[in-house]
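Peer 1: As annotated in TrEMBL:
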DOMAIN    1-57  domain 'Fibronectin type-III'
DOMAIN    64-168  domain 'Fibronectin type-III'
DOMAIN    167-262  domain 'Ig-like'
DOMAIN    270-363  domain 'Fibronectin type-III'
DOMAIN    369-468  domain 'Fibronectin type-III'
DOMAIN    471-568  domain 'Fibronectin type-III'
DOMAIN    572-659  domain 'Ig-like'
DOMAIN    665-763  domain 'Fibronectin type-III'
DOMAIN    769-823  domain 'Fibronectin type-III'
Amino acid sequence: RTIDGKAWTKVNANCGSTSFVVPDLISGQEYFFRVRAENRFGVGPPAETIQRTTARDPIHPPDPPIKLRIGLVTKNTVSLTWKPPKNDGGAPVTHYNVECLRWDRTGEVKESWKQCNRRDVEETKFTVEDLVEGGEYEFRVKAVNIAGPSRPSATVGPLVVKDQTCPPSIELKEFMEVEEGTDVKIVAKIKGVPFPTLTWLKASPKKPDDKSPVLYDQHVNKIVDENTCTLVIQQSRRNDTGLYTITAVNNLGTASKEMRLNVLGRPGPPVGPIKFESILADKMTISWLPPLDDGGSKITNYVIEKKEANRKTWVSVTNEPKECIFTVPKLMEGHEYVFRIRAQNKYGIGEPLDSEPETARNLFTVPGPCDKPTVSSITRDSMTVNWEEPEHDGGSPITGYWLERKETTGKRWTRVNRDPIKPMTLGVSYKVTGLIEGSEYQFRVSAINAAGVGPPSMPSDPALARDPIAPPGPPIPKVTDWTKSSVDLEWTPPIKDGGSRVTGYIVEYKEEGKEEWERVKDKEIRGTKFVVAGLKEGCFYKFRVRAVNAAGIGEPGEVTDIIEMKDRIVAPDINLDASVRDRIVVHAGGVIRIIAYVSGKPPPTVTWSRDDHALPEEAKIEETAISSSLVIKNCKRSHQGLYTLLAKNDGGERKKTIIVDVLDVPGPVGMPLLTENLTNDSCKLSWFTPEDDGGSPITNYIIEKRESDRRAWTPVTYTVTRQNATIQGLIEGKAYFFRIAAENLIGMGPFTETTKEIVIRNPITVPDRPEDLEVKAVTKNSVTLTWNPPKYNGGSDITMYVLESRLIGKDKFHKVTKEKMLD
């Protein structure tokens, strides 16, 4: 029963031992228990527990503390920190005990472990005091719960107790970005002994060198603990954005670190005033400048609202503009309006900028006349008309132009464009098409603004519709060849013919050192090639060509090189005909034809060879002024090889090689022909591959047979790719001849025939032993024996019997007969 209950509750139905585990208790509840014995006559009186018992898990001392570390060390103190034990033993750790052990200078233990704390240490840190300066100590910590102290932690040390010094150092992240209204903690990790003096400075992002001390109040505060300094900013604002610098100073030096804080929020108001770029009766165009503060995020758009000046309610106009200009439509003429603009970024909409009141009304008239237009780019059916905007736009921007034309012989003006021509930055031009060749035209133009169409300009000067003609552009000449007294010229026509067909060309030359050019021919040259002859040997000349059309002689095109009059030496060059490649493959009986075009000056001598030797007798060389051809008709396998063409002159030599493969049927298969595995209906033939496969891999072997008493050959009807084959379907006892030919992609080669006939029969082996050997008669020097033939003769008739004898006691038999015995 529980201590506050009176009723006893039966725990078990039956228990045969003197111990029992009571289940289903409530953790933390206190209980009394009683036990009664029972026999066959009944249940005896109970035995009751005297003390109450609390239901809880067993409690034992905790595990040792972990991660014991040494912090600040002075001449008589050591600061320690640690982590709680992983297992508290089933009861909370109530406190910790810190122990130390002192060593002497010889490395001997001077004292035993002793407790350093006079009162219970409830935190996981402790400073051990009253240590001996210069003493060498080890430290450990024990955790304590209601069950007692734990085993000691791992020790730290030994270390010498003395003042430690080190210059300051700081760890601080370089950048932090938060949203406006967020609490900010800038945490700097500080090291330095003695602990340094810490100062925070702030500078504007636009003036990073203008730093001032941070002022601490309810909004900004500084928190310093054992090894950190935290700058806390409550409910951050946009003006908290800046470059923060922390400086640490002790007697050993100074350290500084900077961190850039960016507080993001809504943008500030646009920069005013709002300007009215144009005012009309039904719309106004307003402009403004972006906010000085974009909230730390890109401006995504502007929100524009309007209200009539005599009302309080604002009406949304748009939130789409991304630029700082917008035309507000649907205004009522004569009404006075006020506009306000707010910038928006991803964090929200900023403060507004309001305009001055403005009345919707027209402030302009129709534009004035344009100056007289001009005409250019005249062809037989089109002209381009050019004009400038009018001096007076009537107070409203020019939105377009109407262009009109008329023939000089007529009086009626006709509009050229269906829609107004859009204005341009530097003047306006418009191409008028559909004109009649030979007609003369004038043009005039009228400007358009919001008030309407202005008066027309003065008519342009008359212009005749026809294609313009000008002298042609320069040809592009080049020297293709020369000798000691002539030059071969060739040129391409000019890119521009001046609007008229080129009718001829004028070729001119000039000797070096002279100023005047001379014509090579009085008449125009009709083609694009010409040979200039009669030049002086050893002199230097320049050449040029000019095109001629109906408008006259065009600009000259000049040869860039100066040509010296002497015989030209050009090293040989060899180009194979398009039908020839670096490798030629022909079939035996075909024609080997190698055509090579040989050039050079002076004309080179040409030599042909095969495999660095003379050409075959069947080879013929055919020469022309520009080519050399090698021809072999009805070629054979022996004609294949590496053919070389060598061309030489005073300028050098050139070589060209061509591989020629001649494909033919294979040669005869190799001897000998062997027979194996002879049976009563088959035999196996073996042979060697041909010495010459014809230049193409062997694809098959053709096997034929004939009986020895016949002349007709019969093919064996299956494909053979190896050098052996088993011939089936033969007749036992028949004698056969066989012949074999190799086959490739070109065809079948000659047959190789067996020289001896092959008789088809089973293979012959030795016979079995004779049977029923008996002694029939014995004399003093003879014995008569009888026996029966063996059951199996080995596949051949018995030709003889061999009789042997041995003396009793001897191991070796000896022949008795020297002649053949058949019976």
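Note: Cβ is positioned from N, Cα and C throughout, glycine not excepted.
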Peer 1: Taking only the residues in the domain 'Fibronectin type-III' (369-468), give me the average pLDDT of this model.
Peer 2: 91
Peer 1: Verify whether three or more Cβ pairs under 8 angstroms connect the domain 'Fibronectin type-III' (665-763) with the domain 'Fibronectin type-III' (369-468), leaving out any pair fewer than 6 apart in sequence.
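Peer 2: Result for the domain 'Fibronectin type-III' (369-468) with the domain 'Fibronectin type-III' (665-763) is no.
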Peer 1: Using a Cβ distance cut-off of under 8 Å, indicate which of 1-57, 270-363, 471-568, 665-763 has the most pairs with the domain 'Fibronectin type-III' (769-823).
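Peer 2: Between the candidates 1-57, 270-363, 471-568, 665-763, the best contact partner of the domain 'Fibronectin type-III' (769-823) is 665-763.
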Peer 1: Taking DSSP states H, G and I as helix and E and B as strand, how many residues of the domain 'Fibronectin type-III' (471-568) are helix, strand and coil?
Peer 2: 0 helix, 47 strand, 51 coil
